[in-house]
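S.K.: Take this structure first; my questions come after.
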Ligand SMILES: *[C@@H]1O[C@H](CO)[C@@H](O)[C@H](O)[C@H]1NC(C)=O
Ligand SMILES: *[C@@H]1O[C@H](CO)[C@@H](O)[C@H](O)[C@H]1NC(C)=O
Ligand SMILES: *[C@@H]1O[C@H](CO)[C@@H](O)[C@H](O)[C@H]1NC(C)=O
Ligand SMILES: *[C@@H]1O[C@H](CO)[C@@H](O)[C@H](O)[C@H]1NC(C)=O
Ligand SMILES: *[C@@H]1O[C@H](CO)[C@@H](O)[C@H](O)[C@H]1NC(C)=O
Ligand SMILES: *[C@@H]1O[C@H](CO)[C@@H](O)[C@H](O)[C@H]1NC(C)=O
């Protein structure tokens, strides 16, 4: 046995699995954090986030509508209610208008596939507490009893799995803003645990056993880890659940967990550090700059442009992250044309440039030292250079890549032929092809393939 010959040795791989695959995780962070992240996640790079719930009915300001209305008494939200609804209208009254009559999960699945995403994460329950599946522990506040009268989670899971190769993940909010059981536990300083044990944890087990998600995307900072028994749940998830081998988790499992414990790190919404991170991370961000849920009061300039999206994405994957890009469907179940447009544009860009994206690794440098707006990724023997703006002179100068000892060739993804290049004063000068706009391989950002550079 030549165990010293490295990771690619088959015997080494089998032995490693024999140890790792039978490993039992203890309900401690030390043990849970030692679990290797299933490889599919890092290879996937890009996923779609979906925020959908009763908040999609008022669809005003954001998915935090209920909180702004009742808790912080934000003026525009309070005024909106006073102007448009009778005095005794409650948030729960919105649920009957969560109709979803145009919800066609096959259409959603096809759109997500077209976008180039490799996984999808749907809100199964946001902080409002309404479950998008017929939960046994959410009496009369779930999508089967009130509103669509459908299993929104189950239908999307089926469509994604029947029509695409995408992975299917579920977002779940541990806490609920106004649940009386939760508020009572909170008032006891989390020494009583009725809400956690009778509601939140039960939901997590239901979701995993029923829908077998590839990602459990937990949310909720309030409340200590011991209150949620997150480590107990994760030990079950990793050891005994129906998804124990392939499931991926994030880092929001109770107070103080974010950016520290769990699977990959989300750290904060729209996290985009711009420098290499040594733990796998995810930039969850929104196409609508100001909201995760659908907002009728959004204007076109509130939506990220495709250039902004690609620039965020290039920086994210160069620094070791995945990007989880959010769309907010309407109460009737449509993904509005502006979201469709961005997803299709991004998909068309990935069709040309996916080689530099999927299964790539961060390179030794993340961005160039000389020319701004250049990001790098790597595959064995090849450095990929993301050029976010076409150089005016058609010549581009790079301070980082140097020719290695094997054959050195440079090409533009989506374009036939090799590009001219030379080194002067330690700078790599590359001549971009002389192309008319209509002949460009893609419209917004271009990727150079540098073979044999190191
Ligand atoms: C989709 O998949 C589910 C189970 O995953 C199955 O019950 C259903 O019949 C499938 N539908 C189609 C149209 O294949
Ligand atoms: C709800 O309870 C019933 C009866 O115990 C069970 O058959 C069903 O699978 C449960 N639903 C979920 C989503 O766990
Ligand atoms: C925590 O979860 C584990 C695994 O389900 C369970 O065995 C244990 O009893 C739970 N502990 C508490 C305090 O709820
Ligand atoms: C490369 O990225 C770092 C960190 O974000 C930044 O400080 C630096 O200015 C960038 N370099 C160039 C040439 O833009
Ligand atoms: C090229 O090969 C020489 C001799 O084997 C070695 O010293 C050098 O480090 C190599 N250069 C690169 C960039 O790999
Ligand atoms: C660009 O278009 C013009 C006019 O159609 C044509 O004469 C020229 O050859 C084209 N250039 C390239 C590089 O294709």
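Glycine is no exception: its Cβ is also placed from the backbone N, Cα and C atoms.
Feature table excerpt (TrEMBL):
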- 18-355: domain 'Glycoside hydrolase family 29 N-terminal' (DOMAIN)
- 284: site 'May be important for catalysis' (SITE)
- 366-450: domain 'Alpha-L-fucosidase C-terminal' (DOMAIN)
S.K.: Return the residues near residue 284 (site 'May be important for catalysis'), defined as same-chain residues 6+ apart in sequence whose C-beta is under 8 angstroms from its C-beta, sorted by sequence, else 'none'.
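M.R.: Once residues fewer than 6 apart are set aside, residue 284 (site 'May be important for catalysis') is near 49, 266, 269, 270, 271, 324, 326.
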S.K.: Across the domain 'Alpha-L-fucosidase C-terminal' (366-450), what are the DSSP residue counts per state (helix, strand, coil)?
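M.R.: For that range the per-state counts are 3 helix, 36 strand, 46 coil.
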S.K.: Mean pLDDT, the domain 'Glycoside hydrolase family 29 N-terminal' (18-355)?
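M.R.: Here the mean pLDDT over the domain 'Glycoside hydrolase family 29 N-terminal' (18-355) amounts to 97.
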